[in-house]
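First the structure, in the form of structure tokens, and then the observations on it.
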Amino acid sequence: MASSLSVAVLLCLAAAAAAQLSPTFYDTSCPRALATIKSAVTAAVNNEARMGASLLRLHFHDCFVQGCDASVLLADTATFTGEQNALPNKNSLRGFNVIDSIKTQLEGICSQTVSCADILAVAARDSVVALGGPSWTVGLGRRDSTTASMDSANNDLPPPFFDLENLIKAFGDKGFSVTDMVALSGAHTIGQAQCTNFRGRIYNETNIDAGYAASLRANCPPTAGTGDSNLAALDTTTPYSFDNAYYSNLLSNKGLLHSDQVLFNGNSTDNTVRNFASNRAAFSSAFSSAMVKMANLGPLTGSQGQIRLSCSKVN
């Protein structure tokens, strides 16, 4: 009962926060903000397609840890411990340079106006669009945290070895439905993962296409500590297109991570995967709706937090 109550409270808070966020927030104070972000993101993704996935992941890893407050961007110092060295983030989060570049541009046209948290939310949307995916309306007006939480980053971000029940709980704790969770997992239609995150799957699991597993083993040795950071595409079919191929891959037992394939493995989510695999519009709609929910997780608004001058450090 307590957990369902806390989720209900969370949803109310998210709804209240969403009411304070507005897509027109910068229309007067920084009218070129959205165009500036879109231009920079499009250029970065055109330069390196993988960057789209990296920027989308930054937003996700931000929002799942004390809300969408840009806490993930705060770098460690001698007196401050951020989230970047938490297990889910260490040596894998990327795109900070793109966000810093956007922030520098925005500071040049409207100083201390556009928050780093809003840049992350808009950049995630623009990245998906740049790779051929759906668009959605991003509410704006988030403010930046002065704190970060290494513990929450280690505990709240779902790891690649999670089973279905763990995934349902991790997303449910943030107010997401099971359908939302399956749709958000579809972000793995772009991006790459390191060998250390799929080694166990390709050597120990049976619900994996044999030819697919063999091709992955060629670049991911069985011994831990060897080739750990070698990369493979999360979507083996169209790794740089934001489409619904991720779900078709699951139907063929070609999910890269354990946490991908559990979505289609004789469980309650099988029909949702089948639906998204056969109906790109259904996936796009569900993904967009879930991303709107994601961007509304616990933002700081009004006089809370601050507008950082540099995204990597508190003012």
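Heads up, residue numbers simply count up from 1 along the chain you see.
Backbone N, Cα and C define each Cβ position, glycine as well.
Residues or ranges marked as signal peptide by TrEMBL: 1-19.
Marked as domain 'Plant heme peroxidase family profile' by TrEMBL: 20-315.
Cβ contacts within 10 Å of CYS110 (disulfide bond), excluding its own Cβ and spanning all protein chains shown: 15. What TrEMBL records for CYS30-CYS110 (among others) is disulfide bond.
According to TrEMBL, the feature site 'Transition state stabilizer' maps to ARG57. Non-local contacts of ARG57 (site 'Transition state stabilizer') by the CB criterion (under 8 A, 6+ apart in sequence, same chain) comprise LEU93, GLY95, ALA187, GLY191.
The C-beta environment of HIS61 (active site, proton acceptor), restricted to residues of the same chain at least 6 apart in sequence and closer than 8 Å, consists of VAL72, GLU83, PRO88, ASN89, LEU93, ALA153, LEU157. TrEMBL lists HIS61 with the feature active site, proton acceptor.
All protein chains included, GLU83 (Ca(2+) 1 binding site) registers 27 other Cβ atoms within 10 Å of its own Cβ. Feature annotation from TrEMBL assigns Ca(2+) 1 binding site to ASP62, VAL65, GLY67, ASP69, SER71, GLU83.
Annotation source TrEMBL lists disulfide bond at CYS63-CYS68 (among others).
The annotation disulfide bond is assigned in TrEMBL to CYS116-CYS311 (among others). Just so you know, the Cβ of CYS311 (disulfide bond) picks up 22 other Cβ atoms within 10 Å once every protein chain is counted.
Marked as substrate binding site by TrEMBL: PRO158. Proximity of PRO158 (substrate binding site) to non-local residues of its own chain (separation of 6 or more, Cβ distance below 8 Å) is seen for ASN166, LEU167, ALA170, PHE171, SER259, given in sequence order.
Applying an 8 A CB threshold to same-chain residues 6+ apart, the list for HIS188 (heme b binding site) reads LEU234, ASP235, TYR246, LEU256, LEU257, ASP260. What TrEMBL lists as heme b binding site is HIS188.
Contacts of CYS195 (disulfide bond) defined by a Cβ separation under 8 A and a same-chain sequence distance of 6+ are given as ASN219, CYS220, PRO221, GLY227, ASP228, SER229, ASN230, LEU231, ALA232, in order along the sequence. Positions annotated as disulfide bond by TrEMBL: CYS195-CYS220 (among others).
Same-chain residues with CB within 8 A of the center of the ASP62, VAL65, GLY67, ASP69, SER71, GLU83 CB atoms, the Ca(2+) 1 site residues themselves not counted, are HIS61, CYS63, PHE64, GLN66, CYS68, ALA70, VAL72, SER145, ALA148, SER149, SER152, ALA153. Distances between the Cα of SER71 (Ca(2+) 1 binding site) and those of the disulfide-bonded residues CYS30, CYS63, CYS110 are shortest for CYS63. Its own atom aside, the Cβ of CYS30 (disulfide bond) has 17 Cβ atoms within 10 angstroms in the protein chains shown.
Counting other Cβ atoms within 10 Å of each Cβ, the lowest count among the recorded positions CYS63, VAL65, CYS68, CYS116, CYS220 belongs to CYS220. Between the alpha carbons (Cα) of CYS110 (disulfide bond) and CYS63 (disulfide bond) lies a span of roughly 25 Å.
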